[in-house]
Structure formats: C-alpha cells, structure tokens
Amino acid sequence: MPPRIQNVNAAGTGVGAWFESLPPITRTYAASLFIVTLLWRLGFVNVMWIALLWPRVATHFEVWRLVTNFFFMGKFSFNWVIKILWLLSYGTTLERETFAFEPADFLFMMLFGAGCMLGLSLVLLFGLGIPMFFMADSLIFMLLYVWSRQFPQQQVSIYGLFKVLAFHVPFVFVGIEFLMAGAIPYPSLLGIVVGHMHYYLTVLYPAIGGPRLLATPRFLKNLLADAGVGRRVNTHAAPGLDAFRAFGGRGNRLGAN
C-alpha cells in the first residue's frame, strides 16, 4: 500500500492526537475494552456480572450479558496488548479502506459477527460442552480474518521471525495458539468461521452471480450519520435508484480470492 501523506502541522502530537486520529468505530471499541478491563482491575466490575451465562440469560432474563461479554478479554497482559494491537491495526485498515465510505457497513459487520457468535456459542455449549463466557477475542479475530481476505497478497511479519502472506495469517496464529496452549483455540476458530460467513455473503456469493443477502439496515446508516459518522440515506429515493444500486458491490483488490 502506498504511504499516506499527512500534514504534520495539522496532525498534532501525543497519544491523545494519535487516538483521535483513529477511525471512530475501532476507536470506540478499543476504548470500551480498556475501560471495562480497568474497571474490573480496580474492583468496580465483577466479571460474573458481564460473562455470557446462558442459564442466567434464559431463566433470569439477564439479557445484557449478550452484549457485555464482547467487552472483556481478561486481565492486562501481553496477550491482551496483542489483541488490542490487532484491533487497532486490522480494524483501522478495514474501517478506513475497505469500508471507507460506508462506516455503517463496518459496524454492521461487527454486529452480524456478534450475533452469529452468540448463536454458535449455543451450539458449542450444548453440542460440545464448551462454554464461551467472553467473545471479544473472537470478534477481533473475525476482523483479522476479514482483513486477510481483503488484502491476501500483503506480506506480514509474524513476531519478526518470518513472513507470510496475509491470506495465511489467521491460520498461522491458530497454529501458534494451539502449540503454545496445547488445546484447540475455539475463540479464534469461531472468529474465522463467522468472518468467512460474512465474507462469503458479501463478497464471494455475489461475485458468482448470487444476490447480496446481507445488507446494512438504512436506520443504522442514518443513526451513525446523526452521530457525525458517515452519511444519511435518502429514505425517499427514487425506486429505480435502489434497484440500480443492488447490482453494485464493494470493489475488491486484485489478487483477492
């Protein structure tokens, strides 16, 4: 990718300026993860209040757990920092480049991923007896997978030891996790499965002539636009305009599968 040219005088300096320069959705999610982890570390949040406990959801209607489990991924640690760096790197690239003119599509992708993960967590729990108490790791890994499909030919250094094509990065990390933990990394595999579901529905299936089955709701685009992110959708657009747009899709980079 060509280097970005930035006006140094207008860019500002320091951590605050850098943080403000991040795209809004990625920035908000990263900040939320940090704040929740900090509140837990200071004793203000009990993780049992926010974990995904399906029996509590079903019998006590603690529906907030369906959301809060995506905002915690353990204590501050090297692994925590790595996952945040993945979010800031791959999430930023997706939001700025792949979804540059449609931030609502980026947010909808994350919401779609979260919804699918909730459904699949039930399958894992009742089918294999594997609980998924927190799925922030899976959501971030989904972003990594989608990024790897959007930029498959990019060279990526793995911890400075060797380089691989971006297309292979998610599977390399799964292999590393398996070797280090000695167990199947279900959270990462869940991210790959859901990421591929989104990529198939929005890119691969339309590319072979199928309809685009996953479209961002208009209200979500307008909601973000009202918050100063993205642009509003004209709810009274001519009928033919939406029909014409149905044949348009997001452009793909050469070399993408």
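Cβ from N, Cα, C; glycine included.
Note that TrEMBL annotation is computational and uncurated.
Lifted from TrEMBL, the feature list:
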type	residues	note
TRANSMEM	29-54	transmembrane segment
TRANSMEM	66-86	transmembrane segment
TRANSMEM	106-135	transmembrane segment
TRANSMEM	156-176	transmembrane segment
TRANSMEM	188-208	transmembrane segment
Remark   = Top stretch by Cβ pairs under 8 Å to the transmembrane segment (66-86) (candidates 29-54, 106-135, 156-176, 188-208) is 29-54
Long-range neighbours of the transmembrane segment (29-54), counting only residues six or more past its ends (CB under 8 A) = 19, 22, 62, 64-66, 68-69, 71-76, 80, 84, 87-88, 91, 110, 118, 121-122, 125, 131-136
Message = Let me spell it out: take the transmembrane segment (188-208), skip the flanking residues so only those 6+ beyond its ends count, and list any with a Cβ under 8 Å from a Cβ in it.
response = 109, 112-113, 116-117, 120-121, 124, 132, 135, 137-146, 149, 170-171, 173-174, 177, 214, 249-250, 252, 256-257
